[in-house]
Amino acid sequence: MVEVAILICLLQLATATATATATTAAASSLSYPSHQILAVQEIIDTTKSAAQVPQTQLLDHETIESGESHGGKRWKLNLVHRDKLSENDDGHRRRTEARLKRDVKRVAILNSRIGGNHTKGGVEGGRFEVEDFGSEVISGMRQGSGEYFVRIGVGSPPRSQYMVVDSGSDVVWVQCLPCKQCYQQSDPLFDPASSASFVAVSCASPVCQHAETAVGCHGHGGGRWCKYEVSYGDGSYTKGTLALETLSFGNTFIRNVAIGCGHRNQGLFVGAAGLLGIGGGSMSLVSQLGGEAGGAFSYCLVSRGAGSLGSLEFGRESLPTDSAVWVPLLRNPRFPSFYYVGLSGLGVGGVQVTIPEPIFKLSDMGHGGVVMDTGTAVTRLPTVAYAAFRDTFIVQTTNLPRAPPVSIFDTCYDLNGFVTVRVPTVSFYFSGGPVLTLPASNFLIPVDDMGTFCFAFAPTSSGLSIIGNIQQEGIQISFDSTNGLMGFGPNVC
């Protein structure tokens, strides 16, 4: 509760600062709380006692809220972390290692597509090829890397399906019968023949002509249907027929949603039936909801090991009405699916670290910049920025015993035996003034059950910075595409 109070206080303070004197917020002399408390033993106990919920129980937790008021429509879905879909508990250390391996794969592919270069310190350069950039959900290794899932109904009557949620993708698709090549999923494969609302998109349809994923037609005469294909760069893909179908959120039905009906699929996480893209492009679910959602949605990512569920909400009613930190969304015409934000710096112990601001700048050519991504776990920073940030944190934690590096984490601590520890605050400084100070559990995370905690950031040789889902956990993240804004907090999941 101490972390929650600190976070809400700082969010309110940052909002007031941005409104009153935006120019002063960038000054390194700003005095924010310098330290907070990390509840070490409580986190370790939670990690040890986190039991895997059997899938049969998860099927009973499809609670979805929907409603309508003077402010418009609102749909709320439960978000489930992939660890909850695992039938076996392999231990926290193994789950962490698997998560980081998936993360490395995802970031490598994101960098190959939008990173712009791989030179030291993120100096701009490199080359893009249009064909290198497909749809942006990254399936990860052979078993896939979807991190968060929702359960929705597909078709009429609705068939419940687990779907990977990804803020960097514009595609909505499910595996379909007849299946020529499919991976294992938790639910029966979707059969379009059993759905009264399934309509294959014809080649002459404007949907086919404007869909970025359309690759031609199949069939003969009057039965020529639009084909789609999405390749993820790591050998994973989905191919099939583009269709209009009904999706259901509880008792609410969304008709004529353009989806991919995948007859050849490879590589996505074995529990999921497909993917729910909520990116910024024209084919994402957010865009297809159009005026009904008002271009708005928000999510809360459940904290690791927590027994509660996260949430994904669509509609302007989902946006916080007060006390949120709002920052402008930046648009990159080269890669419209991603949500970019302006980051001006990083803070440790209440003081801004000295980092050249151009490190985080999105160039006129679409290189570099800072992306919010639900599919990446660990925040990545260009090497120069990361080194200055990490070194400042190390200087302020010399009282804590160090531990050997773990995987991509080079700064770890042995906190076995501690009940709580006092740690310096960590903050994101956004362009224009707002400052977001993270809860301690969002930047020092346990990597085993024995008290090893690591600084949950990593360097990248690319110019692209990524704010990952570990840093987003427990904070309401809101997107108002209509007004070009993104909000942080103040609600806690």
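If you go along the chain as it appears here, the first residue is 1 and each next one adds 1.
Glycine too: its Cβ is placed from the backbone N, Cα and C atoms.
Features of the protein shown, as given by TrEMBL:
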- 1-16: signal peptide (SIGNAL)
- 148-489: domain 'Peptidase A1' (DOMAIN)
- ASP166: active site (ACT_SITE)
- ASP373: active site (ACT_SITE)
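The Cβ of ASP373 (active site) has 26 other Cβ atoms within 10 Å, all protein chains considered. Cα separation, ASP373 (active site) to ASP166 (active site), rounded: 8 Å. Taking the Cβ of ASP166 (active site) as centre and 10 Å as the limit, one finds 26 other Cβ atoms among all the protein chains shown.
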